[in-house]
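S.K.: Can you keep this structure in mind? I'll have questions shortly.
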Amino acid sequence: MARISRAAYAQMYGPTVGDKVRLADTELFIEVEKDLTIHGEEVKFGGGKVIRDGMGQSQVSRAQGAVDTVITNALVVDAGAGIFKADIGLKDGRIAAIGKAGNPDTQDGVTIIIGPGTEIIAGEGKILTAGGFDAHIHFICPQQIEEALMSGITTMLGGGTGPAHGTLATTCTPGPWHMARMIQSFDAFPMNIGLSGKGNASLPAALEEMVLGGACSLKLHEDWGTTPAAIDCCLSVADDYDVQVMIHTDTLNESGFVENTVAAIKGRTIHAFHTEGAGGGHAPDIIKVCGLPNVIPSSTNPTRPYTVNTLAEHLDMLMVCHHLSPSIPEDIAFAESRIRKETIAAEDILHDIGAFSIISSDSQAMGRVGEVAIRTWQTADKMKRQRGALPQETGDNDNFRVRRYIAKYTINPAIAHGLSKDIGSIAVGKRADLVLWNPAFFGVKPDMVLVGGMIAAAPMGDPNASIPTPQPMHYRPMFGAYGKARTNSSVTFVSKAALESGLHGRLGVEKQFVAVENTRGGIGKHSMVLNDATPHVEVDPETYEVRADGELLTCEPATVLPMAQRYFLF
């Protein structure tokens, strides 16, 4: 039998079982767990390569079963499915098959048929992940959407109407008129989008109006008054209409303390935004709710991870975002009450043990929309350096930790918001919202972003050059971002009630509406993939020290991070 060295094989076809790959410049190393391609029967495109007529390409038409696109020999990194090598077949904008691609007339073991109508994306030596989902968006400016797309985000959920002061501070789109205008604008963007309506009301009628107007979730924000009455009313409407509720609790403890908020929630499922508290919430102990079985806790990325710069930048951010004045002592006291190094340090560790389930951005409102992936992996790297390997690791690799952290911005927000039937993981039947990465740039700069099976964004060189690579090389929208390809490739997520009421026709939009589902009692902390820990968390009211199941949670701030200036010269 002919043999080939591992190095030569990896160079031609990408890594296989037992090979390890470093993620960017972090200390995180993944190991290939299985390989669904067949050694000696690999398919590869190019001059003198396999995918040619009568060789790796069959005579099968699309109607007879050939797929639209194959991503060849990709290294899949997925929270649920694991870390493995495979060919990925796409059809009708969804993942049609995961396995071995080729020509069944000439090759054994083919599960994905390549035909004359099949396009090829070379995944050799590349990492493939599900598109990211940022579930904490302030829609302050439309340019955020392109910024997020170019970082590997393919779904955004949040609220707002533009740079209005309500939107600068809160992720709420108030009322059906604003809801309609925002949804109509979404036809312009190659991004899956869902809106959160304002959830602050003590009577249900106005909230029901927003859910019927297209909101796929409701947001309770302290700047609108997150009182026990508003919490109870909002959750009751959410239960009636099967939409998620996100909460930003009462930092000033004016209408009650964390215990009063928990009592008002009454055990119902809720997504707690920036649960550490720097982004807002009962001071100093909102972090305690991350141990409750009905609370899905998340972080926003400015506190990710804890560094020597974290505290200093937060005070100014907070003053701007919440319309505070540095000349008013009470405003300064409000801001300072939210920024605590002890709880931010504990947040790092709570992520590492899987007690915090989601990471999002808080775009332009104390968060950076293009850095969800970067901040997630910087946190994972910091925790490995400070805490070593996780006890769940089964080999000399970081596979479990990597799967835990990628879940935080893919499958877990998708489950929390009722979108996991369509997005969040690499699985047959789900939307082909996919991101291809060069391992050296993993989490920082994608090689290619697909939305609904079509390439929507990629780095591209001078369009007038003789080849695609000459400078200036930068991210540009691709054909999936234009015309009706854009509206046929991405969707708008709404409530089932809005979908069934005929809202799509009344608004005259082109993008398909997809209803969220299973956001209430059927899910909770136990539903969070690899991030379902429920420790008993306590906060010392004097020192702000955080303990989980009696253990003090503390760590040093990072002075140097990976995925930073090495990748961004300008």
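Indices start at 1 and increase along the chain as displayed.
Every residue, even glycine, has its Cβ placed from backbone N, Cα and C.
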S.K.: The Ni(2+) 1 site in Swiss-Prot includes His136, His138, Asp362. Which of Lys219, Lys288, Lys430, Lys445 is also listed there?
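M.R.: My reading of Swiss-Prot gives Lys219 as the candidate in that site.
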S.K.: Excluding Lys219, His248, His274, please set out which residues of the same chain place their CB within 8 Å of the center of the CB atoms of the Ni(2+) 2 site, keeping sequence order.
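M.R.: So the extra residues in range turn out to be His136, Thr170, Thr171, Leu220, His221, Glu222, Met246, Ile247, Thr249, Ala272, Phe273, Gly279, Gly280, Gly281.
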S.K.: Kindly state the mean pLDDT of the domain 'Urease' (131-570) in the predicted structure.
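M.R.: Taking every residue of the domain 'Urease' (131-570) together, the mean pLDDT is 97.
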S.K.: Roughly how many angstrom lie between the C-alpha atoms of His221 (substrate binding site) and Asp362 (Ni(2+) 1 binding site)?
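M.R.: Approximately 13 Å lies between the Cα of His221 (substrate binding site) and that of Asp362 (Ni(2+) 1 binding site).
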S.K.: Would you kindly give the Cα-Cα distance separating His138 (Ni(2+) 1 binding site) and His274 (Ni(2+) 2 binding site), rounded to the nearest Å?
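M.R.: Computed Cα spacing between His274 (Ni(2+) 2 binding site) and His138 (Ni(2+) 1 binding site) is 14 Å.
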S.K.: These are the recorded positions: His138, Lys219, His221, His322. Which one scores highest on other Cβ atoms within 10 Å?
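M.R.: Top count of Cβ atoms within 10 Å goes to Lys219.
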S.K.: Express the distance between the Cα positions of Lys219 (Ni(2+) 1 binding site) and His248 (Ni(2+) 2 binding site) as a whole number of Å.
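M.R.: Lys219 (Ni(2+) 1 binding site) to His248 (Ni(2+) 2 binding site), Cα-Cα distance: 8 Å.
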S.K.: How many Å separate the Cα atoms of His248 (Ni(2+) 2 binding site) and His136 (Ni(2+) 1 binding site)?
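M.R.: It is 11 Å, counting Cα to Cα.
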